[in-house]
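Chemist: After the structure tokens below, expect a handful of questions from me.
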Amino acid sequence: MVKEIKFSEDARRAMLAGVDKLADAVKVTLGPKGRNVVLDKKFVAPLITNDGVTIAKEIELEDPYENMGAKLVAEVANKTNEIAGDGTTTATVLAQAMIQEGLKNVTSGANPVGIRQGIDKAVAVALEELAAISKTVSSKEEIAQVGSISAADEEIGQFISEAMEKVGNDGVITIEESKGFKTELEVVEGMQFDRGYASPYMVTDSDKMIADLENPYILITDKKISSFQDILPILEQIVQTSRPILIVAEDVDGDALTNIVLNRLRGTFTAVAVKAPGFGDRRKAMLEDLAILTGGQVITDDLGLDLKDTTVEMLGNAGKVHVTKDNTTIVEGRGDASNIDARVGQLKAQIEETTSEFDKEKLQERLAKLAGGVAVIKVGAATETELKERKLRIEDALNSTRAAVEEGIVAGGGTALVSIYNKVAAVEATGDVATGVKIVLKALEAPIRQIAENAGLEGSVIVEKIKHAETGVGYNAATDEWVNMIDAGIVDPTKVTRSALQNAASVAAMFLTTEAVVAEMPEENPTPDMGMGGMPGMM
């Protein structure tokens, strides 16, 4: 494959075109009056969304240099989504603003390295100020406000707030598709641990790469399973019942894993194997928790039990098991209620007695998994297209709410970034470093400017008014009013705003210090048609 190299201004200009194409498609969705973007999907209905990272992932440009620029900004959205779960559009708008303003200065002769130092300096001060003005989230109403703003839907905010109230801020909340038109909240008892399936061939839904087991048996052991012969007797008993099985073991590999996968693919039985959670003594304790929750026994040498002698009566039972590549959730464990209560009491006593903060934290985690529940938000809609769009919004809102509980909230609608403008402007710097600071200052205005423009207003006027308004006062684009943003419930999680600014600055600094770009060029003469087999090439 032939490769082409572009240098300096040519390289940056070519990539900027891609940055602008992606960012312009994403930023129209920002704010309460933002628009939707329609994404073409092969073989299925188009997806209508206002989720920044979903749009960014779909964009592929023909020109290789433009595509590289677009992918750089898509990385900002991806990274922000990974860290905070929301704020991807804001991050994209910030990155575009920094790159555009920075490129103007680099073209005029400024040193990119000096500019980078200025950007880093200004962002460090901005992050300190965001932390200083951040407000802790505690009440149910505040949690609902965060969810409502993220999803642009008060009902969704209420669902998330209720779910977190019922299972705790750190509880497990999942989002599923409803069979009806209404969105509903359902809370079910359950336990989750951070271990996924041993092989992707165990999934029951290859599109989502998940394994859902209905009414499964659960084999719990602290042994390593390498030989298929060790578990063959119990699997033969399982086949007679036509029920699936979840195998929780120290590890499942070798001959055992191969045969489980082969039999799964042949349809002989449905089995999913996962590694046991935790390590050492803590693993044994967590397996005992799981056994009590599901009414099973831990197959362990400590009790003189062998895998070959395992019977169906020793297995745990659950209503449903949900397994992803990273997590396993066991819902409706069918253990004896009195045994579960006794175990909960035992854990509470251990928490009171322990002096180690680390041990206390781990015991509280186990208690939450044993006594806590799983909240399920069942999303309903009239059409499949609306369902997908609504589901994406609820996922963003849930992530946003968790982020708010973790690091607090700041005034929303881009107000927080403008309110720290003067503090960042006070950063002492000279020359190209000062230019880098000014680039960040310009970017701080970009989100509120875009929100205003999406609402049909002049962004510059709104920005200047906020700069001279009282702290916390901002523009509510939904109602066209000037209000105290936090009092009005228009808030953003500090973590989301922080992550968006950090990631945008990181990519912008890398972009501006790029001096050469190497791209693969498409072949001008594709391979000619070789004709049909056994016949000469056709003209």
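Cβ coordinates come from backbone N, Cα and C, glycine included.
Grabbed the feature section from Swiss-Prot, which reads as follows:
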- THR29, LEU30, GLY31, PRO32, ASP86, GLY87, THR88, THR89, THR90, GLY413, ASN476, ALA477, ALA478, ASP492: ATP binding site (BINDING)
Chemist: Ten-angstrom check, please: count other Cβ atoms within 10 Å of the Cβ of THR90 (ATP binding site), all chains counted.
Modeler: 30
Chemist: Assuming the binding residues for ATP are exactly those in the record, THR29, LEU30, GLY31, PRO32, ASP86, GLY87, THR88, THR89, THR90, GLY413, ASN476, ALA477, ALA478, ASP492, what is the maximum CA-CA distance in angstrom, rounded?
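Modeler: The ATP-binding residues span at most 20 Å between Cα atoms.
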Chemist: Going by DSSP, give the three-state secondary structure for ALA478 (ATP binding site).
Modeler: coil
Chemist: What are the non-local neighbours of ASP86 (ATP binding site), defined as same-chain residues 6+ apart in sequence with CB under 8 A from its CB?
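Modeler: Result: THR80, SER150, ASP396, ALA397, ASN399, SER400, ALA403, PRO493, VAL496.
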